Amino acid sequence: MRTHYADKVDSSLIDQTITLCGWVHRRRDHGGLIFIDLRDREGLVQVVCNPTESTVFKVAESLRNEYVIKVTGKVHKRPEGTVNPHIPSGEVEIAASDITLLNKSKPLPFNIDEYQEVSEEVRLKFRYLDLRRPEVAQRLKMRSYIIREIRRFLDERGFLDIETPMLTKSTPEGARDYLVPSRTHPGQFFALPQSPQIFKEILMVAGFDRYYQIVRCFRDEDLRADRQPEFTQLDLEMSFVEEKDIQQLMETMIRHLFSTFLNVPLPDPFPRITYDEAIKTYGTDRPDLRNPLTLVDVTDLMKSVEFKVFKEPANNPHGRIAVLRLPKGAELSRKAIDDYTQFVGIYGAKGLAYIKVENIDNGTGGLHSPILKFLPENVIAEILKRTQAQSGDILFFGADKAKIVNESLGALRDRLCADLNLYEGQWKPVWVVDFPMFDREDVGDWQALHHPFTALQETDPEKVIANPGDVLSRAYDMVLNGSEIGGGSIRINDIGMQYAVFKVLGISKEMAEAQFGHLLMALQFGSPPLGGIAFGLDRLVAIMTGASSIRDVIAFPKTQTAQCPLTNAPAQVETLQLETLGLKVSKHRK
């Protein structure tokens with residue numbers, strides 16, 4: 001029906017007759033002429049309707065926003081002073097010789113042709129209209145281009161695109177599974193995969209050497225901001241590799257994507273920091289390195305002070321005291337400090353002690369704080385020295401269990417940087433390495449920090465069982481501007497070590513065989529050294545397009561309550577369907 005898309009209409013087509021199809025983005029009457037902005041997938045073109053073309057003009061008079069039309073006409077240069085430099089077709093317009101009305105539109109629930117605040121519920125209910133917005137459509141187009149380039153990059157490097165099952169077995173991977181009842185095997189269930197982890201390892205045992213997949217994953221997680229019950233991963237696995245092989249390849253890919261689509265050079269190589277360094281310095285294992293603020297540990301200085309708020313955590317083996325220095329922060333008002341105190345309370349902090357450094361040259365006389373009277377002068381002097389405090393700064397203190405201090409001051413660090421726009425640079429990638437293999441609260445069972453198939457730096461299974469808290473894994477996360485965009489590891493390919501990890505996690509041999517028997521069997525038939533990584537594709541695209549949420553780069557996302565306003569899913573089903581599956585719905589328990 002058409003000869004061109006809007007973005008291909010330019011001055012090279014002047015005096016040619018072309019045909020366009022699309023929607024009426026905007027219609028304007030000016031001085032006896034009717035101007036129509038025709039919108040298609042690729043952009044906008046201005047169409048001019050002259051009263052001398054009576055049939056065309058009559059159709060144009062009847063048009064409203066979002067009517068679907070086909071326009072044929074000759075390309076003309078726009079009159080002087082009317083050029084629009086912001087669109088590819090901005091130097092020309094179409095003098096319509098024929099307009100066909102292909103379909104009408106009901107009155108719109110919200111405007112598409114201009115910016116308007118619309119609730120997410122309404123946007124998602126009428127997602128087909130929301131997706132017509134050029135800025136929304138552009139993100140999905142960018143997503144498609146990024147995926148296409150990822151495939152090309154990996155195809156050229158010998159990777160095979162292999163699909164893994166969507167209907168698989170429920171295994172304990174952290175989040176709850178989405179279960180699918182089997183009609184042919186009553187009382188038994190498939191699970192939708194949380195990741196292709198086990199299958200991709202088995203593919204390496206099978207000898208495929210380099211695998212990748214753009215794959216849907218499903219996790220029935222508790223509701224959290226900016227999470228989706230179904231999401232997309234770039235998943236890959238390689239044989240006969242070590243950490244550096246995977247990291248170098250993935251750095252090259254990410255650098256290529258940013259150079260290609262954003263014209264942004266990323267560092268070569270990406271910096272690396274250990275998990276321990278990240279937690280101690282930034283309070284998180286996902287540090288935003290654009291943020292110049294850091295945490296400084298002063299636990300050792302507080303072991304002998306009389307101030308119980310500091311002394312108790314300083315002498316608790318699970319405690320920590322850290323300081324966050326904000327340059328020029330002494331200007332903060334009491335209200336601002338109270339607001340930040342309330343903010344860190346979200347993360348379990350019981351308060352937010354502070355010292356304002358009004359004049360560093362006057363010793364304690366140049367300081368202002370309610371806690372000064374509780375601290376010896378030599379301790380205060382060492383705090384100022386260690387934090388490199390300057391006149392005009394403010395020092396915020398966190399004192400509690402290390403987890404609370406890290407999370408609260410880490411969040412405060414991010415909040416202060418955002419509030420005061422302290423960012424240095426635009427893009428700061430980093431690898432976080434040397435993660436603990438196992439983690440637990442003060443008391444409780446050990447859990448795998450990543451997953452139980454992660455290889456360990458310790459090679460003796462007996463030492464792993466004896467001292468699990470001392471064992472580091474061979475895992476690595478790629479973090480960009482405070483978001484983890486990829487995470488992976490070298491995998492265990494030794495059956496004895498795999499059983500040792502299961503033992504630490506409290507998984508008996510019988511339970512392991514029942515849950516992971518297919519993988520454990522495969523490991524005994526010549527498993528190569530292997531490793532891989534998975535990227536959250538939604539997150540990566542959101543970052544690259546500047547979207548505020550991953551929902552903005554997914555065509556049909558769920559809400560934060562895991563519902564689809566467009567289709568009203570999830571929904572009840574007919575009783576007969578349940579009976580066929582041997583299911584009965586019990587009364588919902590809140």
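Note that Cβ sites are derived from N, Cα and C of the backbone, with glycine treated the same way.
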Which of these ranges is annotated region 'Aspartate' in Swiss-Prot: 153-156, 197-200, 329-332, 505-508? 197-200
Among Gln213, Gln228, find me the residue Swiss-Prot lists at the same ATP site as Arg219, Asp220, Glu221, Glu484, Gly536, Leu537, Asp538, Arg539. Gln228
Work out how many Å separate Glu484 (ATP binding site) and His30 (site 'Important for tRNA non-discrimination') at their Cα atoms, rounded off. 52
Other C-beta atoms that fall within 10 angstroms of the C-beta of Arg219 (L-aspartate binding site): 19
Write out how many residues of the region 'Aspartate' (197-200) are helix, how many strand and how many coil, based on DSSP. 4 helix, 0 strand, 0 coil
Cα-to-Cα gap, Arg219 (L-aspartate binding site) vs Gly81 (site 'Important for tRNA non-discrimination'), nearest whole Å: 55
Could you say whether, by DSSP, Arg539 (ATP binding site) belongs to a helix, a strand or a coil region? helix
